[in-house]
Amino acid sequence: MVSRLQAFLVRRLLWALPVLALVSVVVFGLIRLVPGDPAIVMLGADADPARLAAVREEMGLNDPIYVQYVDYITDAIRGDLGRSYVDDQAVSAAIASRLPRTLFLTLAGFFVSLSIAIPAGLLSATNRGKALDGVGLTFGLLGVSIPNFWLGIVLLIAFGVNLGWLPVAGYASPLEDPVAGIRYLLLPGITLGTAMAAVVTRMLRSELLEELRREYLDAVRMKGVSDLRVLGHATKNAFIPVVTVIGMQFGYLLGGSVVVEQVFTIPGMGQLLIGAIRSRDYITLQGVVLVYTTFFVVVNVVVDAAYFYLNPKLRGDQ
Amino acid sequence: MAEDSTADRRTFLSAVGGAAATALAGCTGDGTPTSDGTSSPIPATETTVSTPEGGPQAGGRLRVGFESELTGLDPHTTESVVSWVVNFNICETLITFDEGAPTGRLATDWEIGDDGRTYTFTLAEDARFHPPVDRELVAEDVVYSFERMNQDGAMGADLSAVESVEATGEYEVTFTLAQTFAPFFNFLGRVPWVVVPEEAVEEQGGGLGDFQEPVGSGPFQFEEHEPGDHLTLTAFEDYREDGVPLLDAVEITPIPDADSRVAALRSGDVDMVRGVGGSDADTLRDDDRTKLSRQSGTEWGQLHINCSEPPWDDPAVRRAVAHVIDRGAIVEAAVSGYGQAAWQPYAEDSIWNHDLGDSRRTRDVERAKQILEDAGNPLEGETLTIKTNSRYSLMETTADLLVANLAAAGIDAETETLEWATQLEDFVTGNFGAMAFSVPFKIDPDRHYYGFIHPDGSQFNHYGEEQPDAQRMYDLLEQGRSETDQEARVEIYAEFEKLVNKNCPWISVARADGITGLGSNVYGVQPWLLPYTRYWTMWKGE
């Protein structure tokens, strides 16, 4: 089994390479099609024309676009993502300092969403048509309907400004100061995780209901097994498609963190991305998008691997 | 902070407490917005809570929320206003301004040669660079700094007139200009022209842009910078003025989202936030936990016109539009009244403001229609396009309301909303007929006008020789540069303003106030001529 899994993973990772190459071309090309000269944005409206020309030359913007791409990709393969147009700092260093913050935020959202979704989905399915099910369904509907930037601002005003329980802006590393780290991540985590919790709750509920209706469980029940153990059998099987959704949602959390970072002033990848777009800092933007893409690809591979592991049919163990 | 310096600080405080309180009381107001054109000689200060009894207190850490990230801290290369604010507290310029007039900072005295080409500055003998340099600042440091900042002409036209910078004594430095360039002296008060020690620059790589942990001689020293997260300044214990600064440290955090910035101030996460919008200002004024500080006229909004582009090449069209704009409504809508309707960039009490009296083009739709009719109705069948963006409220509202004003006057018009970077590129490349635009306050009128109009400048208004009074306007701009007598310059720019009002190469709309939010226990903010906050005048109460 292990060797088949290994072969599967190698195949999926090899597929990731052309995906990344394609993304690099598309990102490189698209952002240069967007109007707006990075040198003008950097120097402002009353910049001296000679200085503008000099800055464009320094940035390499006068080189043909294919030369710029080849230079960029050659350096990127060596791990050098270039230096920011705006502050001349290494993009890889900027990403290295911000990525952990975004990952902690994403993990906080992930943790919040699963903490809500798994019990809510289980309770909803096992109490079908009762009040608890109604609560679960209402939560599911609200969760997917409320935009997270709005939810973030409401939580921020309620718990940060009015009650003063939690900080409203900034970040503290949970590794350096766990208490402060959790205080800073709680509201962003809830904001980010709510939508995913709603999706997973609905998915788990429907999969579990379907599973509970299957005939093999009747056989289990006839053997006198307790309801709790029956639920355990059903949940395990219901989780196979849910894991795929959870994995995909993790990727969306990474994307959703861009907005949440803005609202809660978390100096992560999202803020770096928005700053780079506004200042037309092509180099930083390319680096950030490449890292995001790589994460999506890795998440997909992990999800596939988990699915492969959980699903006996795929493993050929049947 | 060492014990002895704390003692110094206390001595200073007891000596100046009364005077400081008086000064602060003099700049206290109720913060009520106005839009009727009232203003102060220089951008004025207003705070909504007065100074408590007992006067300034030493110590404490001021947490400040900035509106954007610090992108580059090398004072000689950064173009970011927030980086200038930081550098103005770390490094020092030769001169600065007090009550709108030049005064010394590193320079204690200066002499301008009769020919207006030599400027000799005597330096303070007790200025010291921060650790680890930890030595006296001397004339050679000024020479080094100006050579560094202008290598490969990096300072462009601003320093192109400077022929040489020489140390003519240990504490004396002389600038010689190739030709007279009157704005030069005022420019010496701006951040890029600060003095830094060569050894610290070399330690950090030596190149332009490498000096990311600036070392200077100012009241605060650089402590640490975690890009995107925070920057910390600490008090420079050996600063030459006893008891300055009052604060132990300033911690700056970028909070780009305006709502989050205001929320952070109200919740007490920060003590001060920059860039408060007009719509949030009333909230902060009415909240017991917060107060406002206003600096009038930090931003000048105008309708920028490309005078070579039909139909805007017709002066009658420009004059008519100038009479259609409802400036007061724009001030109310764009900045909630925190600004003034404006017919020129400088406020009424500034020496650079010329009283246009009844000649100024106020809202008069009938007159606009008459002007167009007399010109043969050049806008018949035309749709005017006003470019703008959705990032800056003053520009967006100016365009929206102007289009509504034009429609009410029977003129077809539409807005074209662009992303800010795109609009900026269109502005610089001249790809527009008219656009709502705004520029920050400029210390010298040359900085506004020369680039807008003169053929040797950037010529953003494309005001060609065929336009009325073009040659006279070019001549006035040249005279404004070559004339060093201030009164004569005032006359020159007064005549220029009259011609702007007559021919409308651009249409001035409004001056918006810069609004800072403060915690109720933060005192000593002194908005002034320049958009740089001086943290060394500030302190925190109980």
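Including glycine, each Cβ sits where the backbone N, Cα and C put it.
All annotation found in TrEMBL is predicted automatically rather than curated by experts.
Listed features, source TrEMBL:
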type	residues	note
DOMAIN	A:99-307	domain 'ABC transmembrane type-1'
TRANSMEM	A:12-34	transmembrane segment
TRANSMEM	A:103-123	transmembrane segment
TRANSMEM	A:135-161	transmembrane segment
TRANSMEM	A:181-204	transmembrane segment
TRANSMEM	A:238-260	transmembrane segment
TRANSMEM	A:289-310	transmembrane segment
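Only pairs six or more apart in sequence are counted, and the transmembrane segment (A:12-34) with the transmembrane segment (A:289-310) gives three or more Cβ pairs under 8 Å, enough to call it a contact. Among residues of the same chain six or more beyond the transmembrane segment (A:135-161), those with a C-beta under 8 A of the stretch's C-beta atoms are 116, 120-121, 123-124, 167-168, 187-188, 190-192, 194-195, 197-199, 201-202, 205, 256, 259-260, 262-264. Of the Cβ pairs linking the transmembrane segment (A:103-123) with the transmembrane segment (A:238-260) and spaced 6 or more residues apart, 3 or more are under 8 Å, so the two regions touch. Here the transmembrane segment (A:181-204) has Cβ contacts under 8 Å with residues 104-106, 108-118, 120-122, 124-125, 136-137, 139-144, 146, 148, 151-152, 155-156, 159-160, 166-168, 170-175, 238-239, 241-242, 245-246, 249, 252-253, 256-257, 260-261, 263-264, 266 of the same chain, all six or more residues outside its ends.
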